[in-house]
Amino acid sequence: MLKLFTSSASRVHHLTPVSRVVGSSPVESPLFKALSQITGWNRRSTSLGHRAFFCSEPTNGEAAAEAETKAVESDSEVSDSKSSSAIVPTNPRPEDCLTVLALPVPHRPLFPGFYMPIYVKDPKVLAALQESRRRQAPYAGAFLLKDDPSADSSSSTDAEKNINELKGKELLNRLHEVGTLAQISSIQGDQVILVGHRRLRIKEMVSEEPLTVKVDHLKDNPFDMDDDVVKATSFEVISTLRDVLKTSSLWRDHVQTYTQHIGDFTYPRLADFGAAICGANRHQAQEVLEELDVHKRLRLTLELMKKEMEISKIQETIAKAIEEKISGEQRRYLLNEQLKAIKKELGVETDDKSALSAKFKERIEPNKEKIPAHVLQVIEEELTKLQLLEASSSEFNVTRNYLDWLTILPWGNYSNENFDVARAQTILDEDHYGLSDVKERILEFIAVGRLRGTSQGKIICLSGPPGVGKTSIGRSIARALNRKFFRFSVGGLADVAEIKGHRRTYVGAMPGKMVQCLKSVGTANPLVLIDEIDKLGRGHAGDPASALLELLDPEQNANFLDHYLDVTIDLSKVLFVCTANVIDMIPNPLLDRMEVISIAGYITDEKVHIARDYLEKTARGDCGVKPEQVEVSDAALLSLIENYCREAGVRNLQKQIEKIYRKIALKLVREGAVPEEPAVASDPEEAEIVADVGESIENHTVEENTVSSAEEPKEEAQTEKIAIETVMIDESNLADYVGKPVFHAEKLYEQTPVGVVMGLAWTSMGGSTLYIETTVVEEGEGKGGLNITGQLGDVMKESAQIAHTVARKIMLEKEPENQFFANSKLHLHVPAGATPKDGPSAGCTMITSLLSLATKKPVRKDLAMTGEVTLTGRILPIGGVKEKTIAARRSQIKTIIFPEANRRDFDELAENVKEGLNVHFVDDYGKIFELAFGYDKQED
């Protein structure tokens with residue numbers, strides 16, 4: 001229904017004093033000048049100044065009303081629709097208004113002597129106000145709204161909406177009882193200007209729509225004008241007003257007007273004036289309005305003015321601080337400009353453009369002969385362009401950044417490579433155990449470089465499961481070759497601009513990763529490790545895999561073009577090393593340009609060596625444990641590897657070893673194994689404090705033990721520290737440090753039952769064993785069939801169907817009278833059921849499982865097999881020979897069956913991997929049948 005008038009000018013606009021000053025015209029009054037500046041009133045509209053008065057006494061209202069009525073009687077008919085400051089007759093007298101419209105004021109109460117613009121949204125209320133003016137009774141009651149306990153105070157929009165919905169008794173209950181009789185100064189549209197006259201108190205409701213109430217006119221309690229306390233309080237209010245005048249210019253005109261003419265108003269008016277112009281909240285202002293005791297009202301106003309004074313001081317402090325900061329910066333800027341001008345006149349310093357040009361020329365001068373001609377030409381052109389541009393233009397910054405990149409690249413600057421094969425071998429062996437094929441390839445690269453006298457860039461892809469050392473071996477290769485190392489990961493990369501750079505036309509454009517690499521390392525022949533190349537993304541910004549073709553192709557990277565530089569760069573000397581977990585995810589055109597080296601993972605023996613020679617030393621040093629303080633047995637390491645860390649790599653093994661040494665460190669500290677020397681302090685004072693504390697502790701120990709000599713307790717303390725027992729970690733107490741075993745034996749059966757055969761599988765995490773289980777569901781004539789479970793993929797399901805067919809064929813050949821497959825419904829399962837599985841290499845294992853069930857004969861002990869089978873019984877080659885061999889060794893399998901076509905792959909394995917294994921290579925399933933079920937004949 002009502003909305004408080006708001007303005008960005010100041011809070012004075014909400015409540016503005018309208019007092020007349022005796023002896024001065026309204027136009028010349030300083031207060032009226034302030035009002036005209038704030039509200040926009042001018043000399044042509046001075047009628048409001050004539051009728052804007054304090055009306056706490058009845059005679060004031062009568063005299064002013066009669067004078068104004070006579071002055072503007074001829075213009076009264078059109079005043080409503082024109083100026084908001086039109087003269088309005090004020091008959092009857094204010095004290096005669098005992099029944100008034102109740103207007104809610106939402107934000108601050110209206111004080112006598114002040115005006116307040118409000119917006120009336122209710123048509124009925126607006127019509128009633130206009131009717132009151134026409135009946136020459138332009139008065140209404142302005143009452144502050146109480147807080148709505150059910151509304152969110154932080155939402156002003158919701159609060160105004162709730163006000164508009166209030167009607168009748170509901171609105172009456174939300175109004176404060178004490179308000180102000182307000183004269184309706186003007187109505188223009190839905191804007192109403194109210195001028196406060198005197199205090200009112202609501203007696204009862206007369207009508208609901210619009211809300212009309214009976215009121216009592218309130219008068220101030222009698223008081224002694226000569227009371228010293230009242231005088232002192234009033235003068236303190238005036239003094240505070242003067243202080244506010246010094247700190248805040250917002251109220252300067254108002255305070256000056258009222259303090260200069262102190263005799264023109266009374267103490268009650270002074271209290272109202274101070275409370276009205278303060279920034280007090282609505283409840284504090286309402287408390288002043290309701291107070292009829294003049295002395296108490298002055299005290300309340302004084303408290304509010306003191307708070308206002310404190311706020312003004314804080315504002316002044318903040319303003320001064322900001323002004324000083326800005327002034328200091330401006331002064332510094334002017335002095336710098338003057339200094340530049342003086343240096344330029346003396347020839348000591350050139351301008352910014354000349355300095356930039358000199359800096360860029362100085363950069364390229366040492367390698368000017370090595371810079372390609374086309375690049376040098378572009379640099380010269382851009383330097384000339386830079387001199388013609390204004391320093392404040394955006395093109396100047398673009399050109400400056402472009403020249404900065406062009407001149408900082410290492411054109412023709414190559415690091416001295418190491419062609420010493422023996423030294424390279426030593427470095428590679430220091431950092432990594434095993435990985436002989438990778439080391440051999442790097443040594444071949446060095447040998448070729450030594451024979452040619454120079455080296456060429458190559459693209460090597462290290463493929464293997466996580467944690468086998470693909471990334472770390474790239475760093476070791478760089479150290480062995482004496483090349484700079486740079487790594488960037490392309491996992492999830494979906495923007496071509498990350499590789500090829502952005503065009504310079506874009507805001508914030510930057511070169512690609514390769515150019516950033518050259519700037520970072522400072523040489524043109526670094527070793528660049530492109531990590532996770534099998535996890536490239538593809539999005540709306542292009543295909544990064546296609547962008548890498550130009551980067552990695554030896555035929556193209558000699559003229560690699562970055563979009564930002566727009567000049568070709570020679571990357572033919574760069575050695576690229578890529579890493580991937582699965583090469584199947586790498587696009588074929590990209591894979592074709594790489595030399596793939598597979599890192600299958602580590603066998604148990606290799607993991608033990610790595611843990612003992614590398615991981616344990618690093619963890620011990622990181623935890624501050626001395627070698628003589630702990631001993632980890634080989635059995636503990638073996639148990640840790642087999643029961644906690646079965647993955648192909650050693651990353652998890654490193655975490656577990658670090659966990660063990662952290663617990664050992666905690667145990668040593670609790671048992672008192674502290675270092676002999678004091679802890680290193682961050683500053684000398686702290687070091688002295690530590691020394692004093694240590695000395696006091698030693699002295700305290702001497703007193704307790706009643707030792708006469710000062711040297712004996714120190715020796716005893718040292719003896720106690722050294723005498724702590726060495727922590728022993730073995731298989732029996734390993735669980736106390738790393739918890740319960742995570743893995744259990746993959747070999748589930750000592751003697752595999754009928755229908756169960758162990759196969760070998762390969763995953764991105766390495767090799768593993770895989771059981772194939774088959775059982776009879778139902779028997780009966782003509783009920784033959786096969787159910788398959790185990791979350792198998794399409795390829796593996798087809799392998800099961802092929803295995804069922806081949807098994808029936810073999811059974812028909814060997815035992816024609818056996819009708820097992822024709823009359824038995826079978827169920828083939830591959831545990832574990834929660835693990836997805838796919839691939840053709842389990843074909844021979846499935847056939848063996850079916851035949852074991854048909855012949856009711858288990859396969860031989862310690863046998864595992866792998867191989868794809870055709871319908872004719874031929875065994876096709878498989879992948880992951882090393883991983884599967886490692887998995888078989890881990891499960892203590894001694895006999896393995898591989899396809900004949902994989903014999904060469906097995907022969908290439910290291911001797912420690914092949915040691916102790918009885919491997920059979922077959923090309924037809926008939927041989928597998930003899931190996932699996934003919935063990936009785938072999939034993940005979």
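Note: Cβ is positioned from N, Cα and C throughout, glycine not excepted.
Residue ranges 70-90, 154-174, 763-783 are listed, and Swiss-Prot annotates 70-90 among them as region 'Disordered'.
Here the domain 'Lon proteolytic' (751-935) has a mean pLDDT of 87 out of 100.
Around the Cβ of Lys884 (active site), the number of neighbouring Cβ atoms within 10 Å comes to 29.
Long-range neighbours of Ser841 (active site) (same chain, six or more residues apart, CB within less than 8 Å of its CB): Gly759, Leu760, Ala761, Trp762, Thr866, Gly867, Glu868, Ile878, Gly879.
According to DSSP, Ser841 (active site) is assigned to coil rather than to any helix or strand.
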